[in-house]
Amino acid sequence: MEEDDVYTKDGTVDYRGNPANKNITGTWRACPFILGNECCERLAYYGMSTNLVLYFKERLHQHSATASKNVSNWSGTCYITPLIGAFVADSYLGRYWTIASFSIIYVVGMTLLTLSASVSGIKPTCQGKENCHATDLQSIVCFLALYLIALGTGGIKPCVSSYGADQFDDADENEKEHKSSFFNWFYFSINIGALIASSLLVWIQDNVGWGWGFGIPAVAMAIAVASFFSGTKLYRNQKPGGSPLTRICQVIVASIRKYRIEAPADKSLLYEIADTESAIKGSRKLDHTNELRFFDKAAVLGQSDNRKDSTNSWRLCTVTQVEELKSIIRLLPVWATGIIFATVYGQMSTLFVLQGQTMNTHVGNSSFKIPPASLSIFDTLSVIFWVPVYDRIIVPFARKFTGHKKGLTQLQRMGIGLFISIFSMVVAAILEIIRLRAVRRHNYYNLEEIPMTIFWQVPQYFLIGCAEVFTFIGQLEFFYQQAPDAMRSLCSALSLLTVALGQYLSSLLVTIVTNISTRNGSPGWIPDNLNYGHIDYFFWLLAVLSVLNLIVFILVARLYTYKKTVGTLR
């Protein structure tokens, strides 16, 4: 972008510095390219990850618990690397160039993964479909590709949703009204990609081959990149505001230096620049809040600060800079309550798949078999069903009772999702109890598939999909709206980090229960042959944790203070 580009009040820039171009850039006219990019990228990601636990188990010859932990660890990394991408986007490159740069790494990783599953010498050696072994080198190539993908997705995940929301100006009431709908349709596009992945691609992996099964997602990722670049002239771009971590550290250091000084009760006595815009590039001023008063000390003018020359930001910070830190701190308790939900969500790619593998995967009396990972299609269909229902029916209906223009607040929406997620674990546990009773009653212990249809898993997938529409979309919008303007990528990355920690928590819980439950020669809760196990105990454990998490969330939500930009009511 050019130096004379004109910025709107929420920090976004109109193309080529001409204010008249606001009418031809941004809004829904730019969104199809962003949504198309996200749809194809998610198709690539889920097309690779949905069935990964079976690839590890059947091709790399890993045990059930090991394969489950490796998928959880890799998935977790995919949601930690967004911290890297968010920092780069907010500090230096901006969201446009961050998405473009990391997409190249993603494509390289997808290409290498395809080669590792199809090229002789680096793909696992198989004698028949069931007897496969991978050398150390072959495993290394596979995991190198996967972690390149994890790095590539780190520059895309935290930026794409925020970049799409950037196309709507918060200062324009008409555009602002459409921003909330954008998050619903953004998540809808994710699940269109996931729908194709969990149906067609999983079937190809199980019935045609893993080379094709990984190669098609690689092509989809290339299409995602092309879609993104196609809309370049229509995008509004926010100028990077400099390192958010540096600004946070400056407030902490300045507060500690002035710990003896008492912060004034009158907020007008705190330091803020006189200009209409804040000192942070592309960011509006934030109004003072009364919580976390210790950090207000950073904005107290001392004798050494009262000079006409430029101030030292390590000794004196503006109110907006202080409020940036406060906003992040206030988000953290809400953020932490998303970890247990992410743990529940992660079971779809691990224990749900292993549970489905033990059940009858045939459709009727035909020879056609449903890949267990394909049942996640019902999670996707649930999301596709609930997004328009929420946007077109629930919001107008709720608005009549709450008086809130969005029907439900973002925190109310998230809480409903956490409540629904409890029932997904309860239903999964009850199904496993029924399945194990059938195993014991008819001595099915050594059967590869017991005569109980896999479609009994549909309710648990459908409930998780419903919970996603409330919790994950609410979380996306909440972290974008409550983030300081110059930290939106970082806060989006924080919301994604809950998914990473949820995956790691799942891996940790599997490790703990495996170590405890396999003592004295017991097969444990999650043995290779689940007919001897008790994964229902694991589902009950997650249900109890989810109930406790919901109670904490309700307390946190009641105490939360929304951020306010200067000149607004909220």
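Placed from the backbone N, Cα and C atoms, the Cβ positions cover glycine too.
Looking at 38-61, 494-517, the range annotated in TrEMBL as transmembrane segment turns out to be 494-517. Within the same chain, the transmembrane segment (454-473) packs against the transmembrane segment (416-434): three or more Cβ pairs sit under 8 Å, each pair at least 6 residues apart. Between the transmembrane segment (494-517) and the transmembrane segment (331-354) there are at least 3 Cβ pairs closer than 8 Å, counting only pairs 6 or more residues apart in sequence, which means the two stretches are in contact. Ranking 96-115, 185-204, 210-229, 331-354, 416-434 by CB pairs under 8 A with the transmembrane segment (537-560) puts 331-354 at the top. Of the candidate ranges 210-229, 331-354, 416-434, 210-229 contributes the most Cβ pairs within a distance under 8 Å of the transmembrane segment (96-115). Note on the transmembrane segment (210-229): residues 33-34, 36-41, 43-45, 47-48, 51, 55, 59, 99-100, 103-104, 106-107, 110-111, 113-114, 117-118, 123, 193, 197, 201-202, 204 of its chain, located 6 or more positions outside it, place their CB under 8 angstroms from a CB of the stretch.
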